[in-house]
Amino acid sequence: MNKKAFIGILLALGIPIVSFFMMKYLSDNAIHMPRHYLLDSITTTVKDGKQKKDSVWHTLANIHLVNQLGDSVDLYSIKNKVIVADLFFTSCGSICPSLTRHMSMMQKSFLKGGGTRMEEDSSNVQFLSFSIDPERDTVAKLKKYADQYGVIHDNWWFLTGNKDSIYNYIFQELKVDKFSDQPIDPNFAHTAYFVLIDKNYQVRGYYNGLDTIDALPRMANDIGLLIVEKDKAHPSPLPFDPNTLAIIGIIAAIIVLIIMKRIQLKSKKEILESK
């Protein structure tokens with residue numbers, strides 16, 4: 001085998017292997033997922049003599065409330081969905097109408113074919129609006145309020161219930177006050193912040209629901225990323241599978257080798273015939 005043929009074989013075999021590791025690296029590292037919030041603890045384990053630290057992120061507790069349709073619902077009944085939550089009350093005349101309009105636009109943008117951000121079915125996203133005035137926000141008032149904004153009830157719940165339970169959840173679980181740029185009254189939790197929660201009930205973002213220039217577009221993008229996020233061991237992939245790419249590359253390499261071998265044999269035959 002001459003030098004050129006040998007180099008060709010090395011390239012044919014090497015390209016798919018290099019491509020595999022490059023694509024594997026890109027699929028693991030190119031997409032930056034929304035960060036986690038609310039650290040519970042850090043665990044330390046030792047394996048093969050090496051110390052490894054893992055962050056244990058807070059998983060939201062369950063909560064049982066009633067929605068605008070009079071249905072008893074709870075957080076853990078929402079399975080395999082990204083969740084967006086906010087706080088409001090039906091008699092609010094300041095920021096709540098704007099927050100609800102922006103949430104409504106967000107809901108519509110995630111309907112299949114409903115917006116330019118992306119075409120994701122709304123079944124992938126659940127919206128929750130917790131009333132901070134639950135004693136006055138009855139089911140009937142919630143339903144009327146939701147209908148005013150053309151809400152799709154299946155995946156947007158306006159929630160009422162025991163005030164102590166709701167306020168405890170706001171401050172002990174969602175912890176909106178920890179990431180707000182303004183103090184939040186513990187007796188009247190009025191804030192413009194939306195909370196983004198992943199499929200494992202872990203908080204992944206806080207966004208100013210009045211900021212249509214930066215925060216809301218960023219939240220829309222983060223929702224899309226969390227929709228396709230699988231788990232810690234399998235980060236969000238690129239639109240191709242590196243393993244499949246490697247197989248295709250190896251097949252291509254074999255084809256190249258066959259072609260090169262045929263060309264080599266043909267060249268030898270022509271040389272022999274010319275003598």
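Each Cβ is built from the backbone N, Cα and C atoms, and glycine gets one as well.
Note: TrEMBL annotation is automatic and uncurated.
Features reported for this protein in TrEMBL:
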type     : residues       : note
DISULFID : C92-C96        : disulfide bond
BINDING  : C92, C96, H190 : Cu cation binding site
TRANSMEM : 244-260        : transmembrane segment
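Of all the Cβ atoms in the protein chains shown, 21 others lie within 10 Å of the Cβ of C96 (disulfide bond). Distance between Cα atoms for C96 (disulfide bond) and H190 (Cu cation binding site): 9 Å, as a whole number. Across the fold, the C-alpha of C92 (disulfide bond) and the C-alpha of H190 (Cu cation binding site) stand 10 Å from each other.
Listed in chain order, the residues near the Cu cation site other than C92, C96, H190 are L87, F88, F89, G93, S94, I95, L99, I132, each with its Cβ within 8 Å of the site Cβ centroid. Within 10 Å of the C-beta of H190 (Cu cation binding site) there are 16 other C-beta atoms, taking all protein chains into account. Counted within 10 Å of its Cβ, the other Cβ atoms near C92 (disulfide bond) come to 18, all protein chains included.
Secondary structure from DSSP puts C96 (disulfide bond) in a helix.
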